[in-house]
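Read through the structure below, which is laid out as structure tokens, and then see the notes.
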Amino acid sequence: MLMEIDKGESSSRDSRAVLNGSRSGGEHPLAGSSKTQRTPSDSMHSARLNGGSARAQQETYFGHDREEITRILIQALDDLGYHAAADNVAEESGSQVESPDVLAFRQAVLSGAWSRAEELLCGKGARASGQGSDTGGLVLAPGADRNIMRFRLRQQKFLELLEQREPGRALAVLRNELTPLCQDQHQTLHFLSRLLMCQDVEDLRSKASWDGASGRSRHHLLAQLSGSISPSVMLPERRLVVLLEDLKRSQVDRCLYHTSTDSPSLCVDHICDRRRFPSEVLAELSNPGLESSKKPDEVWQVRFSPDGRRLATCGTDETVTVWDIEHMALMHRLQGHLKGEIGNLAWGPDSRLLVTCGFDRTARLWNAETGECLKTIGGFEEPVSSCVWAADGQTFITGSFDKKKSICQWNMHGECVHSWTRAHRTEDIVLSADQRWLVAMDEQCNLHVYDFGARKHVYDWALSARPTSLSISRDSRYLLINRADNEAVLLDIETHETVQKYTGQTGGNYTIRSDFGGANENFVICGSEDGHVYIWHKVTGLLVQRLEAHHASCNAVAWNPTDPCMFATAGDDGRVRIWSDRERAQAVPMTGRHPNGTSRASSNGSLRSDPMRA
């Protein structure tokens, strides 16, 4: 990945975007930026350039700036392909989306005319003097740094020279143009200098996470630069789309019972039917022999596979149970852990492999489709407590009470490829979806945060109460910590700020787990030692549901990642319950009813009356 200058540049764009590189999320918003510029007549140009005419400044459209709305409409019409309509609105209103200088700057960047781009950015004479004066050139957004923009332009120039196999000229750019802009950024300069040693173009593109001059790199560069240019002269690309997406997101965030994965309509206010919210027991799953046993085996963990088709559970029994969710049927009982409980498990990204963590001081890798144990990892002096998969599906990470093997990364052959050397007892670990954050908790109310990609420790985080479980949101921004003081806390991993708190559940004696769930992860779900399951609205912290789930403690919860209307709970009564909405539950034949009005099928498919009625 290309390096950034370490300066605090404010921007209307995401400051964490990859510099000039290929993005995994598809086409960049600037992909279609080669359209013809809509420009008003010269007589109106000076009046319109930085905010419009006196009449437009005085008039509003239902409280909104008339000039801004007009510019956004012109841009949207052009994006929609209504070019004649866009021309007509521009002609009649005298408004323009971009100033002539910005249009020329755009064309210079996309064509690779780097000297011309710098001249437009900084003003005539600024490049020759080596100064990034704010007295000339393009009008920048507040807080933007012109030198950082120049660095990005020159870095693209440097990479393209390397791609053209001109290392001499590229070295001159590195020494004479890039180094003066970041003399104190030794890591950045070292990274760029190493690119001079790339064997070929493919090696360059791979190491720089860059797709070349013929790819999208110039468009991505322009997107980053445009975030630093004042919107008075350069309207951000597809501005109406961004505003509409924010509007939809706001409506979804306000929906208390959001269960729909469909994009909300713009024509009506969005609200989900409460009857579609999962609050009924669809099925109850239990291991064979549960009814005849004097003391049921406790279930400590429950996890859906990434494809949502299977469910795995573990606990005080020496087996891991895998269920077929579509048919609510037992698939496998994975046996191999000896003389002890199984505290945790994790599905591989392909929903085929499973890692389990045992109190027998081993971790085991399983084929969940066949039930075969593929590898046993031993050598621990204490129980293995937790596990998580890397996104590539080729390695997984274990946490252990063994301080000598607190956190280790293993390949499919059972070989340790990396061990984090900080000595602490690990009770749970989580890895963010973007593979950036690896977070571990110990028994001393501390969190240990690592940069997974760089394999280095970042910081420690002291909590006021003992944590019992960790989860990271799908967008990799938030850490959910369930604590023994009857509180779950949502924290921003980057800023360390508390975003929301969730209360009402009981705990303190045992490990109780919480998780994100629902459509767009709008909810936080948590077990409780009083046997109930609690569901809060993630943004507001409002309690949405409190459901009686298990006779004894409700230990673990999991929301189906592909079905926003399904979650599972597991408890000390040895049972696993699958919850869904009322309509789906009523479609299941029933012989008994839960106090909440639910029906259920047993693990073998036959119907059972509800044992909680008594």
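Glycine is no exception: its Cβ is also placed from the backbone N, Cα and C atoms.
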Notebook entry, point to check: Ranges 495-524, 585-614: which does TrEMBL label region 'Disordered'?
Noted result: 585-614
Margin query: Should anything in the same chain at least six residues away from the repeat 'WD' (292-333) have a Cβ under 8 Å from its Cβ atoms, list it; otherwise answer none.
Written below: 282-283, 285, 339-347, 349-351, 354, 356, 366, 368, 371, 511, 513, 552, 555-563, 566, 568-576, 578, 601, 603-605
Next item on the list: Compute the average pLDDT of the predicted model within the repeat 'WD' (342-376).
Entry: 96
